[in-house]
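What follows is a short report on a single structure.
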Amino acid sequence: MPLQWFLKYRPKTLNEVENEEDAKKELVEWIESWLKGKPNYKAVLLYGPPGVGKTTLAEALARDYKLELFEMNASDSRNLNDIRTMAERASITGTIFGIKGKLILLDEVDGLNARADAGAIDAILELINKTKYPIILTANDPWDPSLRPLRNAVKMIELKRLTKYPLKRILKKICEAEKITCEDEALDFIIEQSEGDARYAINMLQGVAEGYGRVTLDMAKNLVRRKDRELDPFEALRGVFWAKYYWQAKSAVTDTQIDYELLMRWLDENIPLQYDNLEDVWRAYDALSRASLFLTRSKLVGWDLLSYTFDLMGPGIAFASLEKKKPTYKAKWVKYQFPQYIQQLAKTKEIRDALDTLLRKIGQAIHASKDKTLNDFLPAFIIYYRKYQEKLDKELELTEKEKDVIKLISSFYEGSKVEIEEPEKKEPSKRRTTSYRRKS
């Protein structure tokens, strides 16, 4: 079986990587800071849609800087012990002659499931914290709430979809190397269907070339189909808000694998950002509320009603703006926001969990229940903590999150103290008061 072209013609060096100049610059600065022994971040997260070259970029970096690449796939190493074992292998395995050091690549971290892969995220964070070598993580969608601890621990570097002309240069080079006749119109068609995915475009080019011996527009139309891919939340929002036709808006909703209730949260958060006119905002929210109603009914009555949910979430919101009826209408660019509702849930859960463990630690030290510690001893502990912070940090083995909770509670007590110590001064009243005794 012939070697797949996307592997055969994969870039070997950073200079050969097309269209990612900003990402390459950031990556080079990061690896050089590591080689100097002063990295600002021990790990980077390369993120972007499938086929943009995340793994390729990591491999090219290792080759340029003569680093031995130690690759792990997060979707294969799914728990605490697996990742720890592979990390230990990376740290003790000797390097090949002539190699300066190692580069650890952890692929597809967004393939981890917070529940099914319990401990995996913690293991990766532990690996980052203790590593002696630079670490690169990759993800298609890094915005999953379960990956938030990772996002906070790494440098984020975005890789963008390949635009038409860089992708066309890649395909032309392959045609020349394989001595295949390729029509420009055929390459344009393949690029359009690939939606910026270089791997998909190269695979389609190879399929046509090996099937016919050359590549013409008619041949490409016979074999190449639009790439079937999942839309991320930002693409889904753009698909809805920027749609000019009914089918475009509906496809934006049906082509994404995001949970429908979660997508509603995204739409809810971003409708006011996209639409300026208050009547447009009202119509959009009216459509969204009806979509929510039909989604609930579909669960109770029958899934046939789900089509109405799609119609209202997509076209209903897309055409809430009457401005779209104007021939000159152009959707404004908006930096879409992650749903605050989900962020707040995540924050409050983190605080609750940290407070719970803090109360348990204090309770164990003073032999009291969690409830009694909260109600009777916590205020005294806060005062004591201000004076003996280092000692208590060590004795109770407090985590950073638990320390943050103490600071939060301490600021609350300090605020209360100010109110008590600095009351509003009032002139004493000169009016005589008389007490009355109630007759029995």
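For all residues, glycine too, the Cβ spot is worked out from N, Cα and C.
Here Swiss-Prot flags GLY48, PRO49, PRO50, GLY51, VAL52, GLY53, LYS54, THR55 as ATP binding site, drawing on sequence analysis. In the three-state DSSP reading, PRO49 (ATP binding site) counts as coil.
The Cβ of PRO50 has fewer other Cβ atoms within 10 Å than any other of the binding-site residues GLY48, PRO50, GLY51. Using a 10 Å radius centred on the Cβ of VAL52 (ATP binding site) and all shown protein chains, the other Cβ atoms total 24. The Cβ of THR55 (ATP binding site) lies under 8 Å from the Cβ of LEU105, ASP107, THR138, each of these being in the same chain and 6 or more residues away along the sequence. Using a 10 Å Cβ-Cβ cutoff, LYS54 (ATP binding site) registers 26 neighbours.
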